[in-house]
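Positions annotated as FAD binding site by TrEMBL: ALA14, LEU45, TRP360, GLY367, LEU368, ILE369. Annotation source TrEMBL lists NADP(+) binding site at ASN151, GLY152, ASN153, VAL154, ARG195, ARG196, GLU207, GLY367. TrEMBL lists 5-165 with the feature domain 'FAD/NAD(P)-binding'.
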Amino acid sequence: MTKLRLAIVGAGPAGIYAADILLKAERNFDVSIDLFDRLPAPYGLVRYGVAPDHPRIKGIITALREVLDRGDIRVFGNVNFGTDITLDDLKKHYHAVIFATGAVRDADLDIPGIDLDGSYGAADFVSWFDGHPDVPRTWPLEAQSVAVIGNGNVALDVSRILAKHPEDLLSTEIPDNVYEGLKASPVTDVHVFGRRGPAQVKFTPLELRELGELRDVDMIVYDEDFDYDEASKAAITSNKQVMVIDKVLQKWRQRDVGTASRRLHLHFYAKPLEVVSDDEGRVAAFRYERTTPDAEGGVVGTGEIREVPIQAIYRAVGYFGSPLDGIPFDKRHGVIPNREGMVLKKGSNDVVPGVYATGWIKRGPVGLIGHTKSDAMETIKHVINGESNWWAPADPSEQGVIDLLEERGVKYTDLDGWHNLDQHEVKLGEPHGRARIKVVPREDMVAISRGEALGA
Ligand SMILES: Cc1cc2nc3c(=O)[nH]c(=O)nc-3n(C[C@H](O)[C@H](O)[C@H](O)COP(=O)(O)OP(=O)(O)OC[C@H]3O[C@@H](n4cnc5c(N)ncnc54)[C@H](O)[C@@H]3O)c2cc1C
């Protein structure tokens, strides 16, 4: 073997880091990598998950882009694994594949009424405000009072975007349709509900503190949630992150409120029971059971049932991976079963030859972008040492896959195409003094990337 032809499916941070690490790694063979993504633009959830008003994190795109701009990784955007290209195709043209397809769906919240009109998954809303091409252009922002279920950073992102005055998002890359949608929103109250207490939240101090800096939004916390038990007190003294979170919340308890036109309420110790319907099948209220600490860092129900009138509800209870054709899938955890990135046969400890996984589809949807780097290192170590497991492709030529996509009429985009789209978006922003304005429709993204006339 002199050259490994490697396919990576998923051009999010996990896929890009894996390619970069392999190219830089010590090894006794050459490498040629093709990076596929179903979207016409790379960067996965950094482009389509990280909130638009987090420019510092969005800036990670610059580092990922530097990797691609080096020119030693071929990019094939707008190519969906499972339809445009299959496992058999990959086996014909590559020695191995790494799946880095992430997790883009909402995890389920199994309570009555969760499918009512006016009940949404956070992932769908995030996709909308981040200009994802595959979600509708409009979002029904008609509610005055909204509930957000969850106590992680995504719940805070969703709550912040709902509560923030849209003018304050105008310095970001949000597409015009998102600005117009948010501008029409009559929202006055956003209620965030967490099952446990302030010392057990999953969000980070930075994301929490930011809520208190929103213009014309009052932060409301409730004294009843701060009667800490011993386990909570211990968490606050022993964990710096929890300590800072407590400090931020305690400050808000002292603040005068009542002047802002919008309010963001944080409710703790609230176990979701039901989304209550009105006569027309629309969301009318959120019913929950008040919980109390169980002295071990968890909670138990108190039997006290409460109801808050709302007209929309968002569940932000986690993301979930999607199965890929021909690849083992763990339905319970929403991941590809693997041992340190080597994909395992269903219900067995045997590895599937030539197939690897990295990032959120390997590990589950937890952790920050930086974690996908250490993940990729582990997977790449096994790719390098796994030569005896690689496939023997019939046509490993670099032209083979291009011929295949062209024969199938797949309108793929490449690195030059991304540069075209990137420049186009930057130009759209210029007259408005904005860094960029995102192009949303997939056909426009593809046409601009490929240098074709819009609407052709
Ligand atoms: C709302 C939200 C906010 C976040 N904010 C932050 C933050 O502020 N800071 C931070 O560090 N982390 C943040 N994260 C976490 C971060 O986004 C993830 O850690 C990281 O994106 C995971 O990388 P990944 O490459 O595994 O998956 P992804 O980024 O999801 O990339 C997967 C890629 O695979 C592609 N793909 C999927 N299926 C197919 C297929 N069948 N064929 C071809 N391509 C496919 C997708 O289009 C996507 O481009 C946030 C996550 C979310 C959901």
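Cβ coordinates are placed from backbone N, Cα and C, and glycine is handled just like the others.
TrEMBL annotations: computationally assigned, not manually curated.
Summed and averaged per residue, pLDDT over the domain 'FAD/NAD(P)-binding' (5-165) gives 96. Comparing the Cα of ASN153 (NADP(+) binding site) with the Cα of every entry in LEU45, TRP360, GLY367, ILE369, these being the binding-site residues, the smallest distance points to GLY367.
Only ALA14, ILE369, in sequence order, out of the binding-site residues ALA14, ASN151, GLY152, ILE369 have a CB under 6 Å from ligand 1. Each residue contributes its Cα atom, and for TRP360 (FAD binding site) and VAL154 (NADP(+) binding site) those atoms are 15 Å apart.
The DSSP secondary structure for ARG196 (NADP(+) binding site) is coil. Using Cα positions, the member of the binding-site residues LEU45, GLY367, LEU368 nearest to ARG196 (NADP(+) binding site) is identified as GLY367.
A straight line from the CA of ASN151 (NADP(+) binding site) to the CA of GLY367 (FAD binding site) spans 15 Å. Close to the recorded FAD site, the chain also has GLY12, PRO13, GLY102, GLY359, GLY370, HIS371, THR372: residues not among ALA14, LEU45, TRP360, GLY367, LEU368, ILE369 whose Cβ is within 8 Å of the site's Cβ mean position. Cβ neighbour count for TRP360 (FAD binding site): 29 (other Cβ atoms within 10 Å of its Cβ, all protein chains included). Residues ASN151, GLY152, ASN153, VAL154, ARG195, ARG196, GLU207, GLY367 are listed as the NADP(+) binders, and the farthest two of them sit 21 Å apart at their Cα atoms.
A sphere of 10 angstroms centred on the C-beta of ALA14 (FAD binding site) encloses 31 other C-beta atoms.
Neighbour counts of Cβ atoms within 10 Å were compared across the binding-site residues ASN151, ASN153; the minimum falls on ASN153. Within the same chain, the residues at least 6 positions away from ARG195 (NADP(+) binding site) whose Cβ sits under 8 Å from its Cβ are ASN151, TYR269, ALA270, LYS271, PRO272, THR291, VAL299, listed in sequence order. Note on proximity: of the binding-site residues GLY152, VAL154, GLU207, the one nearest ALA14 (FAD binding site) is VAL154, by Cα distance.
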